[in-house]
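Swiss-Prot has this to say about the protein:
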- TYR88, HIS201: substrate binding site (BINDING)
- LYS312: N6-(pyridoxal phosphate)lysine (MOD_RES)
- 489-518: region 'Disordered' (REGION)
Amino acid sequence: MMEPCEYREYREYYRARGKEMVDYISQYLSTVRERQVTPNVQPGYLRAQLPASAPEEPDSWDSIFGDIERVIMPGVVHWQSPHMHAYYPALTSWPSLLGDMLADAINCLGFTWASSPACTELEMNIMDWLAKMLGLPEYFLHHHPSSRGGGVLQSTVSESTLIALLAARKNKILAMKACEPDANESSLNARLVAYTSDQAHSSVEKAGLISLVKIRFLPVDDNFSLRGEALQKAIEEDKQQGLVPVFVCATLGTTGVCAFDRLSELGPICASEGLWLHVDAAYAGTAFLCPELRGFLEGIEYADSFTFNPSKWMMVHFDCTGFWVKDKYKLQQTFSVNPIYLRHANSGAATDFMHWQIPLSRRFRSIKLWFVIRSFGVKNLQAHVRHGTEMAKYFESLVRSDPSFEIPAKRHLGLVVFRLKGPNCLTESVLKEIAKAGQLFLIPATIQDKLIIRFTVTSQFTTKEDILRDWHLIQEAANLVLSQHCTSQPSPRAKNVIPPPPGTRGLSLESVSEGGDDPAQARKIIKQPGASLARREGGSDLETMPDPFDDCFSEEAPNTTKHKLSSFLFSYLSVQNRRKTTRSLSCNSVPMSAQKSLPADASLKNGGSFRARIFSGFPEQMMMMKKGAFKKLIKFYSVPSFPECSSQCARQLPCCPLEAMV
């Protein structure tokens with residue numbers, strides 16, 4: 001125990017250290033655009049920086065503070081950077097930070113009203129504020145005479161979707177037991193089926209795994225939206241099979257291309273068929289602060305639950321997820337447990353949020369949300385959304401001005417998807433060139449058989465200069481890729497190609513071709529000082545090699561198949577005419593030491609036996625893939641994190657260890 005005088009010294013010491021940390025955070029956030037966005041580290045980098053065991057005696061604060069830059073920052077992806085475009089935003093702000101600082105100091109566990117009345121009541125009022133700000137139906141309000149619903153803060157949209165599915169399952173099983181009183185719940189549960197689009201977030205699939213409810217992923221239209229016709233057809237098919245439809249998860253703002261499902265078509269079907277309609281607006285929900293963007297909410301009056309993340313675009317840092325339910329009693333009957341030690345004198349009259357969630361304990365999340373709404377006001381939050389949307393429009397205009405690129409899906413809100421015209425390997429190569437420098441962070445996805453790049457405007461501090469700088473880096477990478485592609489694969493249309501002069505790797509080229517419709521036609525590069533794709537220190541340099549799979553396909557073979565088996569894998573399997581043994585990222589991503597040289601007289605382009613040996617290593621299913629297999633988005637390929645000799649594991653790729661092919 002500390003003596004009173006020792007405690008006073010301790011308190012004063014950490015008061016000074018707290019000010020020091022606030023200054024550090026201020027400096028970090030104000031200069032974050034100057035940092036390299038992605039780290040240049042490999043898995044396990046941190047272990048060598050730390051002792052094997054915890055210290056027996058206290059470390060000095062100066063030593064701890066110094067390790068922030070020495071140990072932590074070298075491995076950080078800077079999500080607050082204006083050059084972070086990979087994922088949907090995860091923003092913060094000073095009011096949010098200060099709110100959580102206070103909440104962490106109070107550190108109450110607000111599972112019941114009695115455990116902390118302010119925690120419960122502030123949350124109820126703020127959730128009503130937020131529902132009105134977004135234009136949600138009145139039945140989602142706590143304080144409304146005709147409402148049976150209300151809102152609550154959850155940790156993630158993933159958890160909210162699971163909660164909604166569990167509540168829908170419980171409600172449907174109770175209705176089924178009324179007709180089949182002798183049936184047990186497990187047999188009834190086995191007949192349930194839920195629906196979502198094939199563009200929905202992976203959390204919907206995970207919710208089905210946890211709840212043991214079958215999930216059907218339904219096809220979308222040309223705009224990647226789930227329509228009523230597809231849902232009605234699936235319901236009729238499943239009823240004929242003796243299944244019981246129970247739940248639909250509609251997405252407003254899908255992960256891949258920010259598409260919007262048609263609530264106005266799905267809602268009436270759910271109402272007539274008795275299905276729970278859950279709406280996932282994780283990213284796009286913040287946009288509904290702006291009345292002009294609420295057209296996507298048409299049909300929201302049919303929703304049984306709605307969720308979105310203020311922790312994405314609303315400048316309230318993680319974790320903070322808004323979740324509203326139309327009928328709170330259906331939620332409470334799913335999660336209510338009431339041991340005597342959790343009861344209190346006002347149990348019947350007060351709201352106890354422990355009955356609205358999976359865990360018991362809950363953080364005082366509403367303080368930071370309260371601070372943000374009051375500090376910015378609705379008008380400034382709306383201006384923030386409009387600014388992000390305008391920056392995305394500006395980037396879209398830059399992409400459309402360059403004939404070498406295409407935009408295969410309509411821009412919505414702050415997300416633009418684009419690709420380099422031509423085979424997928426070109427777009428993949430552009431991403432790899434960008435990743436080597438680490439000056440901006442982009443990730444791919446696939447729509448149908450096309451590899452695309454997602455560009456999300458994230459930071460509230462993004463300027464046109466930031467967008468222009470990043471576009472310059474993208475063009476620079478594209479020029480480099482196109483010049484290498486044209487010089488390594490001569491064709492009748494490539495006769496006008498101007499080869500890059502020696503030593504121009506990492507420098508922008510004025511043009512790589514002259515005229516024509518070829519993707520490598522003459523292109524104007526917008527130059528900006530101080531931004532180039534110079535390779536970061538310690539980065540690897542894969543030598544250009546002929547692709548041994550090229551002759552294994554006919555010219556009619558889909559580009560997707562070539563891309564999946566050839567470009568994506570072989571670039572990681574070969575370096576300087578040497579093959580590497582590799583394993584998928586589902587295993588430990590540690591470079592394998594065994595390398596085998598190719599025979600000097602072995603031709604990568606000739607010899608059927610060599611070709612047969614290559615394909616013998618792949619599952620038969622891989623060779624039988626159809627075009628439709630690629631329509632579902634492959635989300636979040638984290639390109640900068642690829643170890644040099646590891647191949648990515650995804651559903652459409654061979655998920656098995658790959659042996660050296662010699």
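Each residue, glycine too, has its Cβ placed from N, Cα and C.
Look at LYS312 (N6-(pyridoxal phosphate)lysine): DSSP puts it in a helix. A distance of 15 Å separates the Cα atom of LYS312 (N6-(pyridoxal phosphate)lysine) from that of HIS201 (substrate binding site).
In sequence order, THR255, ALA282, TYR283, LYS312, TRP313, LEU415, THR456, THR458 make up the list of same-chain residues 6 or more apart from TYR88 (substrate binding site) whose Cβ falls under 8 Å from its Cβ. TYR88 (substrate binding site) falls within neither a helix nor a strand when secondary structure is assigned with DSSP, and so counts as coil. Look at HIS201 (substrate binding site): DSSP puts it in coil.
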